């Protein structure tokens, strides 16, 4: 008990901190990183990319060589950069204000910024089950120190289904073995109880009939329950599969269990709470025991083919290699030798972890005859094995202190006068109320068996191991591709134990029976050359070989002293078995699948026994169906979005940006300016929301602390009530004893015994008090001790109440401090000068509207300029028709005096006549009618520009006052007749 100055202790377990935590620096770095990524993605929308200008070609072709010039581009770039910089400054200021507000001393720290989230799995796996508190629930709670039934939910009525996906995510298809301490505590209590009353029990006889047989026989049944926040996962469907196949020997290093369906419960199924060693169990346990007959998973395994493996795959629960049945902390419960049959280490004890995988299942006794396994009569006389399996305990079995027959119908029941609790033996005499000689046919029985070669995934058939001198070279008897992992690719034509050189370079011993059936393959990486060098170094084996001789079924080597080499007890190579002094007796040496070169004395590849388990191992096996979890259905933790979600969001943003229209810089500047004004209005609410959330988080945390303190008060009160109840039970027992004494005194007084010097009072029986002495707490404490514990409970409860009241006061204070949004804004900033700009809002809006109108006007003017430039490029070709004036005949003869036709080099001055306004209008109107603009309704307003274009053309040709004249040009005149000249209405023709 701690002192009153220290913090009061809790009755529940600690270690309930949030599973995930992040520092504020990590959060800030993450935010900055995401902001930089968004900026890189958005780069180029405002600057850095050239926007294409719209051009209009009246002739239907684009002027590829004409360079477009935007006179507003420098202004747009400069203004956009200025606005962008202002927005960046505003953003930095807002972030700085937010960080300053969150770093205030009276607010929660960055580590305390938490969120109430739902755990995706709903629970957390507990690997160290010895740290989990547990209690028992039974009807006989007054005798056993357990809780009454109803204190915990019934697992058959209240449970939660767990999906297969969550099971695979948490357990990775590996339902592990757990050495639970709960059964060990029960065994420790029984052992302590027997030791404290050992002297009294030695004086008893087998005629004494007591209620203690319910305890010994395991009739008191109950459940194991775990308190919140712990729970139990009860598997409903499971199967086993091999893992880590050894490529040298072919055995499975691990057999894993895959649970595909489970339920979360608070308590286990009902089971015997305590019992001594026994053979058969009650029929109430049959379903639970049968559930441990785990079948192989539906995968490609050789043992699933009954033609290759008669009987199919093995069924049962595989206790893994390396499991520790009794941990080091309770080594005093181990005893000298293991009492559990095949559940033992390599020395037959429980001190070391298991060296071989052990299977436990409910036995199938349908094929047994007179208490013996099938084909038992066909065994060799005196042998304890048949069909490759060595059986322990066939004939006589130990059951609840009695020797009974393995034949359930014989009814043999001999009392031994001893009880085995774990590895300790206690003399005890009792006459049980149950029928010892009953026919126990149909009762469930545990069967413990071991595959020493651990090749259960290949075959469930047990074989008798070959002796080393029966291993010979299989010349021509083995075909196919043989290996320790592929038995099906191998064929044999003769029974025997064939030494074969594998394709991988090692050696194989192929066991062939019935001239064609391969029952086993043992292998090693040692090649033939290395083995033969060892063989040649053996004494007197230079001229020997491993060839098969003899007419036996299996064959043998020629010289028994030159068999397959092995390492002797001195770890030296030898080829001969050890013999006696006279040389008449010779050791039987066998070859094992996992020890190819060792000195193996075990004849059979399997070991099995019936029964032999006490309540501790019975509970331990039934509890393997359960896994302890820590419920985290609603807990505090930091939410971290997965990377796939962030990538999906980034893709969505990019797709949305690609779908947006490409706008020019000035439009984006206007939009950003509007957004900046809106952001300035919303930034205040955002900061106020952050402040309000900060206060709210503090209040929620205070409420959580107050609730936790109240929970501690409830737990301490419950512990105190339990202690008071214990004192009341002691008081009841003592008062009952006093009443019995008073009653007897009154009876003796009526019988006139009062005149004696003392009353005729006999000693009362105290068996009832002895029944409860084995529990973990002592019920026979003195009143002074009980009062002292009550005072300690009261002091602890007072401290907890004060702490709870303080936490509640803090929670109420924090709850009252939560302000509304506007008060939070006033607290965060000084808004007296911030709202002065509101009077300029109308002017700002008018300015924005004016900018928009100006922008529209500039767009219209720009389009008009583009249209004018295109129309201005229309060219007309002037065709001058020169009509020769008539000349005198006498002059004609004079001009033709050179002997030519008079038209070879004649030049006239070009006579040019100016176009009238009507001619220009006709040409322009004809160009408009033939242009593609006339067919598009969006360009119809451009028709209003035609008069301006006509005036401009006329002024360009004639000048402002018509003073401009064309320069005279001399042109060649074709000498043609006037009748052949074209007749035109005017002098201008459009080309």
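Backbone N, Cα and C define each Cβ position, glycine as well.
Checking the ranges 595-645, 646-696, 697-747 against Swiss-Prot, the coiled coil annotation falls on 697-747.
For the ranges 841-861, 862-882, 883-903, the feature annotated in Swiss-Prot as transmembrane segment maps to 841-861. The feature coiled coil, as given by Swiss-Prot for the ranges 752-787, 788-823, sits at 788-823. Distance from the CA of residue 475 (N-linked glycosylation site) to the CA of residue 481 (N-linked glycosylation site) is 15 Å. Closest in space to residue 475 (N-linked glycosylation site), of the recorded positions given as 298, 403, 705, 864, is 298, taking the CA atom of each residue. Model confidence over the topological domain 'Extracellular' (107-840) is summarised by a mean pLDDT of 79.
In the three-state DSSP scheme, residue 796 (N-linked glycosylation site) is classed as helix. Summarising the environment of residue 515 (N-linked glycosylation site), the number of other Cβ atoms within 10 Å of its Cβ, over all protein chains shown, is 12.
The glycosylation sites recorded for this entry are 364, 501, 543, and the Cα of 501 lies nearest to that of residue 864 (S-palmitoyl cysteine).
A simple way to gauge crowding: the CB of residue 501 (N-linked glycosylation site) has 17 other CB atoms within 10 angstroms, across all the protein chains here. Here the Cβ of residue 481 (N-linked glycosylation site) has 11 other Cβ atoms within 10 Å, regardless of which shown protein chain they belong to.
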